[in-house]
Structures are given as structure tokens and as C-alpha cells.
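Working notes for the structure below.
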Amino acid sequence: MKQFFVTGISTNVGKTIASAIIVEALEADYWKPVQTGADKDSDAITKLISNQKTVIHKNSYSLKAPLSPHAAAKMEGVYIDPNKILEPVTENHLVIEGAGGVLVPLNDSDTMLDIIMPNYKVIVVCKHYLGSINHSLLTIQWLIIKGYDVAVIFNGNPDPHTEDVIIKRTKVPVIGRIVEEEYFDKEIIKKYADEFREALLTL
Ligand SMILES: Nc1ncnc2c1ncn2[C@@H]1O[C@H](COP(=O)(O)OP(=O)(O)OP(=O)(O)O)[C@@H](O)[C@H]1O
Ligand SMILES: C[C@H](N)[C@H](N)CCCCCC(=O)O
Ligand SMILES: [Mg+2]
């Protein structure tokens, strides 16, 4: 079984949507170690997948304030300890969704990077917006410098100017693209899962 860590170039870029697609494509388990805010990503995943094998594992930390984990934790008098964030045991592949982007702080010193294990396949969701080239290159190049295996999912309608420069300068594999959809349901997730499966299995 493999672990796929889904991160993004920021918050609200489509990590949960991409995670649902990967979970469905590989009949993988899902785990959101650190959740902040009322909109629970695990609940969204439950509504979007159809396969019977997936197990959705409990958050290690679930904090009320829709803020950066370090801030939400401080508000609740909680200390997020990476050593207490223990990967669930499973025979299935495991999709792990980060909170926000890779350098999001967990406490005064640790960041999301500190819970991305060296053997994890890291999938970066690059949403298209003016400014996303910089955010994508910063995220991907930092992960490469840190020695991770990185792949990309583009999120948004085709944007060759943005996509070509990210692909040329980082040379990371592109799993696929999620176009602008009116909404997401199990059927649409299954469609993307069928489209992305082969590329995911090569990682
Ligand atoms: N391609 C798309 N077309 C239409 N809506 C999208 C698309 N991708 C994401 N969205 C919507 O944008 C919002 C943010 O997506 P999502 O929750 O996956 O982001 P996220 O990166 O997981 O956020 P967080 O950092 O809070 O975990 C959701 O309402 C989602 O349905
Ligand atoms: C609340 C939000 N939906 C995410 N769970 C947390 C996003 C943290 C972003 C921190 C930052 O980069 O400023
Ligand atoms: Mg999410």
C-alpha cells in the first residue's frame, strides 16, 4: 500500500475534491490529521465517494476556529504535537490531506512538512488564479529541495500559460486536471477517478 499526501498551493484550492478523486480511484482510506474550522473535510469525503473499501480515519486534531492550526490550537489551549499524529494502520492505500499549504504552522516551530513522511507521494493541487504560478513554483520547488516525490493536479479550466511554465520548470508529472464544475457528486468524482487512476498507479 502507498501513502499519498495531498497538499495545495494554499487553502481552498481543491485538496478535498482531489482527495475524493484519489480515494475513489484507488479505493484508498482517507485521513485528515489536522482539521480546523466547522466544515469537516472528512464529512465531504463521505458524501463524495461510492466504493465500499474506504475507511475514513479520525482527525488527530480537530479545532474549532477556521484559522491556521497553530492559531486555532492556541485559542483552545491545545499544543499540536507532530509526535502524536500517528499514521493509521491499514492494508489499503492511504490518502492524507494536509491543512492549507506545506508551510502552514502547527505550533511555534513545526509545519505541515513535519508530518509529510519521506516515503509519501506528495500531490500538489495547483488551482489556477492570477498569482498561482508563483505559489505553485514555490510549493513544488521547496518539496523537491526537501527530497519528496511530487506530482501535480491542476484545478481549473485549461490555462496553457500557467501550466506550461509549471511543467517546464519543475518537470513533475501531471496526474490530470479538474475543470470548473457547477457542483461535485459521487458520479462526477467517479468520472475523474476513472480518468486519473492510471497516472496515480504509476507514482
Ligand atoms: N474544479 C472545481 N470546480 C468547482 N468548484 C470547485 C472546484 N475545485 C474546488 N471547488 C470548490 O472550492 C471549494 C474549496 O475546495 P476544497 O474544499 O477541496 O479546498 P481545500 O483545498 O480542500 O480547502 P481546505 O484548505 O479548507 O482543506 C469547495 O467548495 C469546492 O467544492
Ligand atoms: C480554515 C481553512 N479551511 C484551513 N483548514 C486552514 C487554512 C490555514 C491557512 C494558513 C495560512 O497559510 O495562512
Ligand atoms: Mg480540504
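Backbone N, Cα and C define each Cβ position, glycine as well.
According to TrEMBL, the active site annotation covers Lys32. Here Lys32 (active site) comes close to Lys40, Asp41, Ser42, Asn59, Ile96, Glu97, Ala99: these same-chain residues lie at least six apart in sequence, with C-beta atoms under 8 angstroms from its C-beta.
Cβ-based neighbour count (10 Å, all protein chains) for Glu97 (Mg(2+) binding site) stands at 27. According to TrEMBL, the ATP binding site annotation covers Asn12, Val13, Gly14, Lys15, Thr16, Ile17, Asp43, Glu97, Gly98, Ala99, Gly100, Gly156, Asn157.
The Mg(2+) binding site annotation in TrEMBL covers Thr16, Asp43, Glu97.
What TrEMBL lists as substrate binding site is Thr36. Here Thr36 (substrate binding site) comes close to Ser62, Leu63, Lys64, Ala65, Pro66, Leu67, Ser68, Pro69, Ala72, Ala99: these same-chain residues lie at least six apart in sequence, with C-beta atoms under 8 angstroms from its C-beta.
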## Note on the structure
CB contacts under 8 angstroms to Asp43 (ATP binding site), restricted to the same chain and 6+ apart in sequence, sorted by sequence, are none
### Task
Within 10 Å of each Cβ, count the other Cβ atoms and name the one among the binding-site residues Gly14, Gly98, Gly100 with the highest count.
Gly98
### Summary
Checking the binding-site residues Thr16, Gly98, Asn157 against ligand 3, those whose Cβ falls under 6 Å of one of its atoms come out as Thr16
